[in-house]
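Asks: One structure follows; several queries about it will come next.
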Amino acid sequence: MKDDFAEEEEVQSFGYKRFGIQEGTQCTKCKNNWALKFSIVLLYILCALLTITVAILGYKVVEKMDNVTDGMETSHQTYDNKLTAVESDLKKLGDQAGKKALSTNSELSTFRSDILDLRQQLQEITEKTSKNKDTLEKLQANGDSLVDRQSQLKETLQNNSFLITTVNKTLQAYNGYVTNLQQDTSVLQGNLQSQMYSQSVVIMNLNNLNLTQVQQRNLISNLQQSVDDTSLAIQRIKNDFQNLQQVFLQAKKDTDWLKEKVQSLQTLAANNSALAKANNDTLEDMNSQLSSFTGQMDNITTISQANEQSLKDLQDLHKDTENRTAVKFSQLEERFQVFETDIVNIISNISYTAHHLRTLTSNLNDVRTTCTDTLTRHTDDLTSLNNTLVNIRLDSISLRMQQDMMRSKLDTEVANLSVVMEEMKLVDSKHGQLIKNFTILQGPPGPRGPKGDRGSQGPPGPTGNKGQKGEKGEPGPPGPAGERGTIGPVGPPGERGSKGSKGSQGPKGSRGSPGKPGPQGPSGDPGPPGPPGKDGLPGPQGPPGFQGLQGTVGEPGVPGPRGLPGLPGVPGMPGPKGPPGPPGPSGAMEPLALQNEPTPASEVNGCPPHWKNFTDKCYYFSLEKEIFEDAKLFCEDKSSHLVFINSREEQQWIKKHTVGRESHWIGLTDSEQESEWKWLDGSPVDYKNWKAGQPDNWGSGHGPGEDCAGLIYAGQWNDFQCDEINNFICEKEREAVPSSIL
């Protein structure tokens, strides 16, 4: 280091001599030195600015390009190394320029022009990077919007798939319900058949019971006759027994008398011994007969008691059987009523399920249309997404091309810098040759020179003690890229990359042709039962149920309060002519009062019997049911027509008289032209009271449409098929009530 410093002082102390001219210490060289120093400072500043700008540009490019600009980072690092090498070369040139001649000013000016060109190129590069930054931001925004749309599309597709699965599950559930209902109907039909069979069996049993009752009655009557006969026989036996007792007493008296006679007539004992023995034998026979009679009497009494007990048992059994049959009949009637209600409920449920299935089919058709629309929209969105992805790929390719262009430009610029450096080295060598020809004079001592090069490595010293572990140093700059090695084996699949930047939205593509319908997927598992739905609209009027069995006659009710006195009745017909009376006294004949023949009085309100009056019209509410044409003919036979409802007041009045009853035909139809409803006289409909969603002409495509109108349970209008059976309402003008003639 000291030798280098001494050499620099010697160089600065000597002057130079050329063409016989020798300059002193105070000459133009000082001015040139100051200019050189100023130019060197400017070069340092420019190099520092250049390095700063290049570092900033490289940092921004690396920050914005992410994974796409990995090559840019390596190139930036190589360029930094080259620029540091350029700086070191420039420093060396600056050190050597202090020793060189004045001719370097022109070369410095050329170098300045080159640096200005580099600045312009760097400005262009910055502008391009800013533009690329804007395009990258746009691409990121477009990519984010595409990701959002894709997420929305996925959500909508998931929702649609969930809806389709739920609809399929509901359809499967309804199919299960329908199959269960069919099974229930088949079971009910079997139960009805079994009940009919059991009913026939019960009827047979009842007939058998009636026969057995008749037979029991006959047996009871026969038993009563036999009991009467036995009672008569017992009375006869009692009378015979009494006679026998009297005979026995008489015999005892005779024996006593005989004993007295024997005592008195011992002499006649021998003669009468045979008679006595005979009498004893007869008495013994009589005693045995009496004992047999008493046994027979006991047997007869026991038999009569057993017969009486059996009669009582038979009467109890008869009462029990009557009670049981009555209970069984009541149970059978209750069962029949329950079966009738069940059948009515089943029919209503079947009609409701049919209506519900119709609504389900309509809803499914709506869902199909919405699904097709959404699928077409999704296909359009997917095509647009594909187009945007293609555009993003093209943009990325263009960006890569621009990056390659920038790399090539930077390579050319670095090559130009290396060429400039080589030219500077050549100029320095020329300047050195020129300086050798100068005569060097001792000049004033110059400023302290820069730090010298590192000396040679000395011999290794003795190994010292192991020190503490130092702090981790900063990572060094990456080295230059080495030569490309041989292709290694295929590595394992890498992790999924980070989410790319969002591209710009591309133009909407043309709508593609609809694809072929895919195969029907397997039916899924039935889902959990959903929450109970809201109460639906009242279903259509069901078919009339079967006529129920006649109930038992109830007990008479409490007599109500006495009503108001009625209107005077119609005067009766004149009675038969009586016999002529006795002749009256002669005198002046008085004139008889003229008297009108009695006529049947009409209704007070001007309407026939069973007709009701409202304003100036009469209405007939039928109890029988007919189809539309038969109802119209019935009203025409009554010189009237089916009712025409032309005001709200008339509608409310008719509603009061039909609340709680079944449907009624009115004179409204669209049989002439579909959906053009007219009254039967051809007049248009001014007042309307249709139910919500009516008239719907249900049945088009499935059978005859609904072309006739009627009133339903709520007083609103509904369209029916004309061959259905309903009640009806007739209407005609009220007759004028004539004043009564006294």
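Backbone N, Cα and C atoms are what each Cβ position is placed from, and that goes for glycine too.
The shown structure was predicted, so the numbers you read here are calculated from the model rather than taken from an experiment.
Sharing the features that Swiss-Prot gives for it:
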type     : residues : note
CARBOHYD : N67      : N-linked glycosylation site
CARBOHYD : N159     : N-linked glycosylation site
CARBOHYD : N168     : N-linked glycosylation site
CARBOHYD : N271     : N-linked glycosylation site
TOPO_DOM : 1-37     : topological domain 'Cytoplasmic'
TOPO_DOM : 59-742   : topological domain 'Extracellular'
TRANSMEM : 38-58    : transmembrane segment
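Set these features in their place in the structure for me.
Replies: For N159 (N-linked glycosylation site), the Cβ neighbour count at a 10 Å cut-off comes to 11, with all displayed protein chains included. DSSP assigns N159 (N-linked glycosylation site) to a helix in the three-state reduction.
Over the topological domain 'Extracellular' (59-742) the predicted model carries a mean pLDDT of 75.
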Asks: C-alpha of N159 (N-linked glycosylation site) to C-alpha of N168 (N-linked glycosylation site): distance in Å?
Replies: 14
